[in-house]
Protein chains: 2
Amino acid sequence: MQKYDHIPRATIQRLATYMQVLETMKKDNIKITSSEPLATACDVNASQVRKDLAYFGEFGVRGVGYYVDYLLDAIKDCLHANREWRTALIGVGNLGRALLNHQEFNRRGIRIVGAFDCDPFKIGEVAYGLEIFCSKRLQEKVPELGIELGIITTPPERAQRAADQLIEAGVKGILNFSSARIVTPNHVYIEYVDFFHQIYSLTFNISTKN
Amino acid sequence: MQKYDHIPRATIQRLATYMQVLETMKKDNIKITSSEPLATACDVNASQVRKDLAYFGEFGVRGVGYYVDYLLDAIKDCLHANREWRTALIGVGNLGRALLNHQEFNRRGIRIVGAFDCDPFKIGEVAYGLEIFCSKRLQEKVPELGIELGIITTPPERAQRAADQLIEAGVKGILNFSSARIVTPNHVYIEYVDFFHQIYSLTFNISTKN
């Protein structure tokens with residue numbers, strides 16, 4: 001158990017946004033910041049930011065603010081975003097290919113080192129430098145390639161099977177882009193990327209607040 | 001102002017998940033359900049589900065449960081997910097193309113009717129049935145095509161300009177897939193799709209809880 005084990009989910013998500021804002025500042029050569037720009041980016045108030053940052057000690061310097069570099073490193077440490085995570089992608093369709101070619105993954109240490117599909121026409125093909133393997137070979141490839149995370153980009157009806165194969169092969173966390181809900185054992189973490197949540201926030205707000 | 005104007009953001013996101021679960025039930029010909037499966041899907045307790053559903057009146061039938069069809073229609077009404085939303089996509093790279101070909105948009109009434117890019121080599125090309133227009137033509141095309149939403153899939157450094165063009169042309173809401181934070185006026189809603197939030201939830205949980 002580490003010291004950060006009770007950070008709420010909503011805080012984790014804000015930390016990820018703070019990280020993004022701080023990275024932009026670092027690129028722009030800004031050395032010191034305050035809670036306000038971080039608050040604005042997350043649509044919360046400054047006291048919420050201070051509370052979030054208090055989870056891992058006091059980084060603010062009274063009368064000065066936060067040191068961008070120091071805070072950025074602390075957040076990365078906390079989220080374990082400062083190391084490489086070897087990752088498998090299952091489902092090499094349009095979305096899968098777009099993700100295989102998405103530079104942001106590599107830049108952030110998410111290294112997709114294996115691509116899998118169950119379509120015999122795709123198996124053996126090379127997509128963005130990766131040979132596509134049959135999903136049945138996850139069992140062998142996950143330990144061989146040191147894979148810890150899985151990304152599912154299959155059609156919804158194949159998502160549970162893909163998850164089962166990933167879990168059996170030993171991955172610890174799954175990012176699911178398909179629209180299917182997936183059942184996992186307690187020791188395997190699952191996260192959903194479903195941008196219809198965001199779309200419905202838009203359609204709701206546009207329709208009720210204008 | 002409508003009756004649903006004070007639903008919190010977290011509730012909206014759960015409603016979107018309930019909708020997904022109920023749609024699966026409907027497909028499986030399940031007529032009646034309870035708060036439990038909805039609670040499980042959102043990782044909340046049943047009383048939270050009942051509280052969420054209470055925002056738009058009482059749908060539960062004592063001793064029976066919820067009628068799947070009726071509840072699904074009520075949630076769709078609430079989120080304004082029961083009509084077509086004409087949408088522009090800006091940035092026809094890998095991710096943009098994957099989204100243009102993503103069947104789920106059409107199925108959910110998000111109709112991408114215009115594709116835009118600023119790369120002269122792409123302008124005029126046809127991608128999934130849509131001619132790619134120069135982004136400068138948004139001003140003319142948004143009203144002509146009755147576009148209300150914009151999807152940004154440009155590189156981060158071009159995202160703000162794409163947003164400005166969409167806003168000037170009159171869109172009411174923007175879904176941003178680029179990693180850049182974007183500034184919009186108050187009357188234009190913006191949502192971010194940043195799956196690194198989810199990835200960092202995974203890396204945090206794997207590292208701290210195992």
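Here the Cβ of each residue, glycine as well, is placed from N, Cα and C on the backbone.
Per-residue confidence over the DNA-binding region (A:17-56) averages 88 (mean pLDDT, predicted model). The DNA-binding region feature in TrEMBL is assigned to A:17-56.
Every protein chain shown contributes to the tally, and the Cβ of A:Val92 (NAD(+) binding site) ends up with 24 other Cβ atoms within 10 Å. DSSP assigns A:Val92 (NAD(+) binding site) to coil, not to a helix or a strand. What TrEMBL lists as NAD(+) binding site is A:Gly91, A:Val92, A:Gly93, A:Asn94, A:Leu95, A:Gly96.
For the domain 'CoA-binding' (A:80-181), the DSSP-based tally of helix, strand and coil residues reads 37 helix, 29 strand, 36 coil. Feature annotation from TrEMBL assigns domain 'CoA-binding' to A:80-181.
Within the chain carrying the DNA-binding region (A:17-56), a Cβ under 8 angstroms from the stretch's Cβ atoms is held by residues 3-4, 7, 11, 64-69, 71-72, 74-79, 81, all 6 or more beyond its ends. Taking Cβ-Cβ distances under 8 Å and a sequence gap of 6 or more within the same chain, the neighbours of A:Gly93 (NAD(+) binding site) are A:Thr153, A:Thr154, A:Pro155. When the DNA-binding region (A:17-56) is classified with DSSP, helix, strand and coil residues number 28 helix, 2 strand, 10 coil. Cβ neighbours within 10 Å of A:Gly91 (NAD(+) binding site), excluding its own Cβ and spanning all shown chains: 26.
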